[in-house]
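What follows is one structure encoded as structure tokens, with my remarks underneath.
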Ligand code: SAM
């Protein structure tokens with residue numbers, strides 16, 4: 001087997017050979033710990049026939065570990081300077097394709113159609129650039145991609161918010177937005193020391209399993225998420241206050257009250273106490289008055 005790209009010595013040698021300088025604006029913190037990389041890949045439970053999509057391969061540390069497990073890996077990299085480096089570091093792996101693109105602008109569905117077999121088991125596995133974690137996750141979740149799940153290293157604080165349960169301080173619109181599409185769990189906490197350069201924040205590996213069906217019945221998804229966002233606008237205010245201040249005008253007070261009663265939800269509660277099921281019930285009643 002080839003020597004790991006991710007050892008600190010090899011990483012330094014690669015960076016020096018290509019005179020590569022990190023771009024903070026692209027969230028470039030490379031992993032330099034093979035153990036952590038293997039743990040991330042284990043989370044994805046890839047079989048010999050599986051495929052993997054990576055976002056931001058950097059110099060290929062995670063890509064390499066994925067290539068050893070999966071049948072095929074497609075990696076999206078925005079930074080042109082990394083392309084010749086990846087060509088070099090990943091040359092032993094014939095099952096990797098690097099796509100030079102901003103993943104937020106890429107047609108991922110089309111790439112999947114072109115690069116993978118029909119019906120193939122596909123996982124997204126990445127050490128995400130922290131400056132765009134949420135937009136990337138929301139893109140992956142909402143574009144109806146035929147993937148089994150997503151395993152990503154992200155800022156610990158964001159992972160905590162995503163996997164949070166009702167009634168906790170971390171629970172909010174991001175928890176609901178993600179958990180509507182996937183089952184979320186925090187798989188691993190990762191120290192700053194495994195990155196080069198070291199980030200300022202702690203990291204965690206988030207494990208998302210895509211849902212086959214929506215967990216609640218909502219009449220209008222956009223409105224459901226509008227109700228959720230409005231309910232968390234001022235966390236310390238009651239549900240009632242947030243709905244009246246951020247979604248409905250004062251003239252509709254009676255209707256909002258009626259909708260709350262029909263949904264069986266006390267307006268004096270705070271948004272953070274409502275389960276997804278309750279938000280679904282509430283939005284299905286409120287939509288009558290929008
Ligand atoms: N996977 C490598 C590792 O673990 O060592 C690098 C991870 S580093 C945190 C994030 C990578 O994402 C960088 O290579 C960066 O250039 C790339 N990147 C940043 N924004 C991107 C975007 N919008 N689309 C694709 N790649 C992006």
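Including glycine, each Cβ sits where the backbone N, Cα and C put it.
Per TrEMBL, S-adenosyl-L-methionine is bound by 29, 31, 77, 102, 127; the candidate from 56, 60, 149, 167 named for the same site is 56.
Whole-number maximum of the Cα to Cα distances across the S-adenosyl-L-methionine-binding residues 29, 31, 56, 77, 102, 127: 20 angstrom. In this structure, residue 31 (S-adenosyl-L-methionine binding site) is part of a beta strand by DSSP. Around the Cβ of residue 127 (S-adenosyl-L-methionine binding site), 27 further Cβ atoms fall within 10 Å across all displayed protein chains. For the binding-site residues shown (77, 102), fewest C-beta neighbours within 10 angstroms: 102.
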